[in-house]
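A.B. asks: This is the feature table in TrEMBL:
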ACT_SITE  Lys189  active site, proton acceptor
BINDING   Gly11, Ala12, Gly13, Ala14, Trp15, Gly16, Ala138, Arg253  NAD(+) binding site
BINDING   Trp15, Tyr51, Lys106, Ala138, Arg253, Val277, Glu279  NADPH binding site
BINDING   Lys106, Gly134, Ser136, Lys189, Asp242, Ser252, Arg253, Asn254  sn-glycerol 3-phosphate binding site
BINDING   Lys106, Arg253, Asn254  substrate binding site
DOMAIN    6-158  domain 'Glycerol-3-phosphate dehydrogenase NAD-dependent N-terminal'
DOMAIN    178-318  domain 'Glycerol-3-phosphate dehydrogenase NAD-dependent C-terminal'
Amino acid sequence: MVFGLKITVIGAGAWGTALAINFAQRHAMTLIADDAAHAAAINQTHENARYLPGHQLPQAIVAVAAIADAADADLFLIATPVAGLRSSLLSLQRLAPRVPLLWVCKGLEAGTALLPHQVAAEVHPGAASGVLTGPSFAEEVARGLPTAVVLASHDAAFAMNMANALHGSSMRIYANDDLIGAEVGGAVKNVLAIATGISDGLGLGLNARAALVTRGLAEITRFGVALGARSETFMGLTGVGDLILTCTGDLSRNRRVGFALASGTPLEQVTRELGHVAEGVPAAREVALRAEQLGIDMPITRTVIAVLDGRLAPSDAVGQLMAREAKIE
Ligand SMILES: NC(=O)C1=CN([C@@H]2O[C@H](COP(=O)(O)OP(=O)(O)OC[C@H]3O[C@@H](n4cnc5c(N)ncnc54)[C@H](O)[C@@H]3O)[C@@H](O)[C@H]2O)C=CC1
Ligand SMILES: O=C(CO)COP(=O)(O)O
């Protein structure tokens with residue numbers, strides 16, 4: 001087998017592990033696990049039982065416990081939640097300041113409301129970088145099912161080179177230079193998946209879900225364009241593509257949060273029992289904050305926050321949206 005790049009994946013959660021399985025067909029993959037015990041378990045069993053149980057990892061994938069143990073890479077893939085992005089970037093800035101990097105997290109940083117590329121610009125501006133994002137459940141990628149995603153970077157040539165390098169028979173990768181649009185689509189669809197989870201959990205029907213998805217797309221587009229994105233990006237994989245997947249696919253953790261809230265489970269218990277990150281929970285407040293600063297109306301996002309904060313019962317949430325005055329579409 002011919003190996004292309006030496007790739008270090010930072011974060012051996014569900015998504016980092018699934019991407020490592022896919023890319024191991026063409027590249028030499030190292031996974032940074034949570035700790036030494038997690039790395040040892042992955043290396044012994046060739047399975048990541050903590051985050052992606054039931055999927056065999058190719059023997060060639062090696063897990064280690066620290067970035068310093070795998071700093072000699074051609075490419076870094078940051079696969080932590082947004083909450084781990086800044087610290088990962090700081091480590092890379094120190095250990096491998098010129099090595100290209102990609103992130104795959106979807107959200108806005110809690111406390112700063114920054115998009116991932118804005119965090120990267122702050123702490124690690126020296127390396128070529130971008131986001132890999134789009135409609136892609138880890139479970140299906142790990143099974144080798146066909147998936148299409150987008151590699152977006154402000155540097156169009158870098159996006160094309162990386163798309164070519166990572167592209168494979170079960171993962172089609174399109175290049176795009178609308179980094180803002182790609183990141184906004186990925187961040188806000190998680191909030192809307194909580195909304196459709198609530199609606200479906202309450203049994204409000206397919207009409208209500210289609211309304212939430214469509215009006216949600218209008219919300220994403222208004223927000224993204226105000227931040228400098230191109231509106232057509234939201235008609236692509238990272239916009240409507242990921243929105244449909246996450247709002248309707250039962251593999252979505254954010255959708256599952258909505259379902260559990262609809263059944264009356266408190267948020268704290270829902271997130272604890274999930275065992276994985278649900279980025280829509282922290283992102284909702286950051287999106288609303290940024291939208292308010294921009295003067296953008298995001299009623300579905302606002303309603304999701306009211307439910308997350310316990311100020312609005314899930315059973316009243318969709319009714320409240322329906323009760324808004326008639327307006328032009
Ligand atoms: N699972 C999926 O299907 C997909 C996930 N994503 C995105 O990828 C990112 C990671 O998601 P998953 O791997 O599914 O999450 P996960 O919950 O399965 O795993 C998260 C991993 O990051 C580590 N982590 C958690 N908080 C951290 C922090 N503050 N600093 C450093 N490391 C931390 C955990 O220990 C774990 O190894 C999220 O932003 C998610 O939205 C994107 C596409 C698909
Ligand atoms: O981003 C995803 C699919 O594209 C995964 O969504 P969840 O985090 O809701 O599972």
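The backbone N, Cα and C atoms fix where each Cβ goes, glycine too.
Small disclaimer: the values here were computed from a predicted structure and weren't measured.
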A.B. asks: Sorry to bug you, but what's the C-alpha spacing from Ala138 (NAD(+) binding site) to Ser252 (sn-glycerol 3-phosphate binding site), rounded to the closest Å?
C.D. replies: 10
A.B. asks: Excluding Lys106, Arg253, Asn254 themselves, which residues in that chain have a Cβ inside 8 Å of the centre of the Cβ atoms defining the substrate site?
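C.D. replies: Near the substrate site, the remaining chain residues are Asn190, Ala193, Thr246, Ser252, Arg255, Val277, Ala278, Glu279, Gly280.
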A.B. asks: Taking Cα atoms as reference points, rank the binding-site residues Trp15, Tyr51, Lys106, Glu279 by distance from Asp242 (sn-glycerol 3-phosphate binding site) and give the first.
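C.D. replies: The answer is Lys106.
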A.B. asks: Considering only the binding-site residues Trp15, Gly16, Asp242, Ser252, Arg253, Asn254, which possess a Cβ situated under 6 angstroms from at least one atom of ligand 2?
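C.D. replies: What lies within reach of ligand 2, judged by Cβ under 6 Å, is Asp242, Ser252, Arg253, Asn254.
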A.B. asks: Taking ligand 1 as the reference, state which of the recorded positions Gly134, Lys189, Asp242, Ser252, Arg253, Asn254 have a Cβ closer than 6 Å to one of its atoms.
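C.D. replies: Cβ under 6 Å from ligand 1: none.
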A.B. asks: Could you tell me the mean pLDDT the prediction assigns to the domain 'Glycerol-3-phosphate dehydrogenase NAD-dependent C-terminal' (178-318)?
C.D. replies: 97
A.B. asks: Near the Cβ of Ser136 (sn-glycerol 3-phosphate binding site), how many other Cβ atoms are there if near means within 10 Å?
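C.D. replies: Taking all protein chains shown, Ser136 (sn-glycerol 3-phosphate binding site) has 24 Cβ neighbours within 10 Å.
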